[in-house]
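Residues annotated as active site, nucleophile in TrEMBL: Asp113. According to TrEMBL, the feature substrate binding site maps to Tyr169. The annotation compositional bias 'Basic and acidic residues' is assigned in TrEMBL to 270-283. Residues or ranges marked as compositional bias 'Polar residues' by TrEMBL: 284-295. Per TrEMBL, domain 'Pseudouridine synthase I TruA alpha/beta' is recorded for 344-448. Summarising the annotation, TrEMBL assigns region 'Disordered' to 1-45, 248-301.
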Amino acid sequence: METPDSKTKASPPQQQEPDLKRPKMSTATSEDEDAAATTPGDDTTIKKQRYKRRKIAIFLTYCGVGYQGMQKNPGAKTIEGDLEEALFHAGAVPEHDRGIPKRYDWARSARTDKGVSAVGQVVSGRFYIDPPGLVERLHSNLSPQIRIFGYKRVTGSFNAKKFCDRRRYVYLIPVFALDPCAHRDRESVLASLGSGSELVKCLQCSERGRKVVGAVGKRSFESKSDVSPTEIWSNDKDTTVKSEIKEEVSGLMDNGDGDIRNSESVNETKVFKNEDDGKKSETTESGISSNSEDANANPEIKDEIMVSIENGDDKNTTSEEEAIKGSGFCYGEKEKERFNRILNYYVGSHNFHNFTTRTKAEDPSAQRYIISFDAKTTFTVEGIEFVKCEVVGQSFMLHQIRKMIGVAVAIMRNCACESLIQTALQKHVNINVPTAPEVGLYLDECFFTSYNQKWKDSHEELSMKDYEEEADEFKMKHIYSHIATTEHKEGSVALWLHSLNYRNYPDLRLCDNGDNITCEDNNGRESTMVENMTECTT
């Protein structure tokens with residue numbers, strides 16, 4: 001039995017220590033700047049760096065050759081597709097957002113078509129821009145055809161497409177394309193045979209679309225070997241090319257009615273040195289090919305053309321020099337005034353449904369506003385003189401600029417009259433207009449005037465001012481040289497000029513009095529409207 005003394009002597013029960021509270025779960029996300037981490041066995045705390053996504057505008061340039069345009073398209077090689085992959089590999093886009101541009105607010109200022117280049121393209125989105133060196137990391141994952149100038153921080157609501165006020169495009173058109181006497185259609189060449197007219201400049205560059213080396217621009221071409229022309233032609237493959245040239249000359253001399261739309265272009269033919277003095281064959285910017293004038297002066301001389309081709313005969317050098325002097329076309333003040341007057345018809349708000357594809361006249365998107373359109377400067381690249389056509393507008397539709405240039409060139413070449421543009425801009429008139437080649441077009445700059453005015457006190461100005469030198473260098477090295485080289489090798493503009501005839505584009509005749517124009521009434525029914533227009537001087 002326990003006594004009171006024993007109760008007092010007994011030790012009190014041991015009290016348990018209270019449980020420690022579990023640490024709260026960290027609410028840190030990928031948006032936090034820093035997170036602390038303790039290394040086991042070490043009292044030092046190492047801070048693990050984490051970065052925030054930042055809304056930025058990226059300025060870039062690219063040469064569009066080999067790409068199917070700017071916009072991403074499954075199964076096609078596009079600028080946007082390559083850029084998205086480069087952003088992922090550079091650490092700007094996380095793994096779970098790869099290939100899903102909506103998750104990082106992707107937007108582009110302009111869409112460029114297949115083969116079209118850009119100098120001042122702008123894209124925006126939320127990206128990891130840290131650690132420093134994002135531009136260098138992007139370049140390591142991009143083709144040399146795509147270069148990043150830099151990036152600038154923008155507001156959280158910024159969108160490169162919606163905040164772009166206007167866009168400036170440039171189209172480089174060779175001066176010879178504006179010469180009515182250069183690269184005329186087959187009918188005009190045939191009509192001028194034996195007359196000594198300047199139209200007989202394109203014997204070898206006929207309406208079939210065949211490319212003959214040296215038909216365009218001032219350039220010297222060498223043979224791939226030093227063997228004689230006879231040995232070159234003895235090759236089986238080259239014999240086939242020779243026979244094709246003979247067929248071309250024969251086809252030009254007869255009264256056949258070939259169609260450029262149903263024929264295929266042929267690759268470059270052999271060009272070789274003359275045996276006598278080893279001089280290279282040379283041509284001019286007006287598209288004059290050697291031995292062309294004498295050959296066309298008389299149809300009976302076509303056999304002599306073949307002899308000249310096979311033997312490298314240069315006896316017609318004097319005639320060629322006379323032909324060069326005969327054209328006398330230059331982009332002087334008179335031509336400049338006329339061309340700019342033609343381009344000025346596009347300025348203002350118009351319905352451009354005839355200058356695009358798959359867009360109806362009733363579609364609100366067919367209404368576009370052109371701020372300015374002029375062609376005041378010229379420059380020479382690789383022996384070809386170009387006219388720089390600059391057009392500024394709020395936005396443009398598919399092929400719109402190329403079709404506007406196509407109509408303007410047709411008017412300059414007297415294939416149509418100036419009133420054709422006013423007719424094509426009418427809402428209830430449907431006509432088919434020519435489309436200039438894509439190679440001469442590029443996006444020059446995107447403007448953000450309203451954004452810069454609103455946020456000038458807190459954010460950097462969005463413009464190409466900081467990148468002008470880099471842009472000019474890229475233009476000369478990649479874009480301008482590509483345009484000139486393509487014209488030398490493929491003659492894209494020279495061959496396209498042969499399509500500017502009434503057989504391919506009957507609507508070009510609308511400048512004549514009393515022509516019928518296909519139009520639609522308010523109920524969508526086609527009808528015929530007679531327009532009295534001023535005759536075109538040819």
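Numbering starts at 1 and runs along the chain as it is shown here.
Placement of Cβ uses the backbone N, Cα and C atoms for every residue, glycine included.
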Structural state census, the domain 'Pseudouridine synthase I TruA alpha/beta' (344-448) (DSSP three-state):
31 helix, 37 strand, 37 coil
Just counting, how many other CB atoms are there within 10 A of the CB of Asp113 (active site, nucleophile)?
19
Which chain-mates of the residue listed as 'substrate binding site' that are at least 6 residues away have a CB under 8 A from its CB, listed by sequence?
Glu390, Val391, Phe396, Ile401, Leu441, Tyr442, Leu443, Asp444
